[in-house]
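Positions annotated as transmembrane segment by Swiss-Prot, on the basis of sequence analysis: 22-42, 54-74, 97-117, 123-143, 193-213, 257-277. As annotated by Swiss-Prot, region 'Disordered' applies to 283-343. Per Swiss-Prot, the feature compositional bias 'Acidic residues' maps to 295-325.
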Amino acid sequence: MTVVNLAYIPSPPQGVWHLGPIPIRAYALCIIAGIVAALIIGDRRWEQRGGERGVIYDIALWAVPFGLVGGRLYHVMTDWQTYFGAHGKGIGKAIAVWEGGLGIWGAVALGGVGAWIACRRRGIPLPAFADAIAPGIVLAQAIGRLGNYFNQELTGGPTTLPWGLELFYRRSADGTVDVLNLNGVSTGEVAQVVHPTFLYELLWNVLVFVLLIVVDRRFKIGHGRLFAMYVAAYCVGRFCVELMRVDPATQFGGIRVNSFTSTLVFVGAVAYILLAPKGREDPATLGGTPSSADGGDDTAETEATADTEDTEDTEDGVTDAPEADATDKSVDESADNSGIVEK
């Protein structure tokens, strides 16, 4: 008989539903919801800073796909044995991002490359964009952590604390029973009660979101320093959470790889905060250029045509003026010769 402590947090009975043959995964829905929230918040903040509304969505067309690819690459690279080891899941599972597994550092790094490309095309300073989107990113991470809750993953060791998370055995369609069965449905039997480390990180991310908003409003942070503050603050929380996690991960000297990454990135973020210019960018620099390269070329061509016409008019004026003077002089001479005088 299974004894259930009502004080514990129960896991969801399942993390995937089916709409006919199409699987609807809670993890994917959480990722999408996080991205939408980040874009809405980022767009409003960009407009408040003096930028054009809607620009954030244009940049996202580059940044989001790059970020998803980068996040998955980082996850696979730091968990190589799971996919390509002796008993690995294979390349099919390696690209199945909808089943969970995104590394934030890869997402930020490659997403930053996509954002840089888009900002360069629009003539927008990348640091200003990063500051506008930073609070939205950390909130998106918090929302995304809910996906780990549905997957019963990213947890810590056993605990008897009242906020411990109950992990249920799940049975898949083929009858397989396992705690980490992403496609299964709960049997109702509790396998163990553990630290919900994903929840700890979720709460930390929400706190960082609030702090970034408050600090930015009070001190008018710019030039990429607010984004660096987000990175530094996130690293602190991630480092602490990594110390509590017990799920399999690549380690160096008994330390999880994400702990090393968090430390190095934290140092870099703090250095940037100290060295970057103070204050905020001039709103006039956030206007950028039209999103369409063709539109920009048409504008330039129109201006060039106008300049050419002005030049031709000037040249015609210089050439025609002497001819007009000569004609007037000829008429005057004819009038004098004929004795005609105006009275």
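Indices start at 1 and increase along the chain as displayed.
Including glycine, each Cβ sits where the backbone N, Cα and C put it.
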Intrachain neighbours beyond the transmembrane segment (97-117), with Cβ under 8 angstroms and 6 or more residues off its ends: 25, 27-28, 31, 59, 62-79, 126, 129-130, 137, 141, 144, 147-148, 151, 153, 182, 231, 234, 238, 258, 261, 265
Distant-in-sequence neighbours of the transmembrane segment (22-42), which means Cβ under 8 A and at least six residues beyond its ends: 12, 15-16, 56-57, 60, 64, 98-100, 102, 132-133, 135-137, 139-148, 150-151, 183
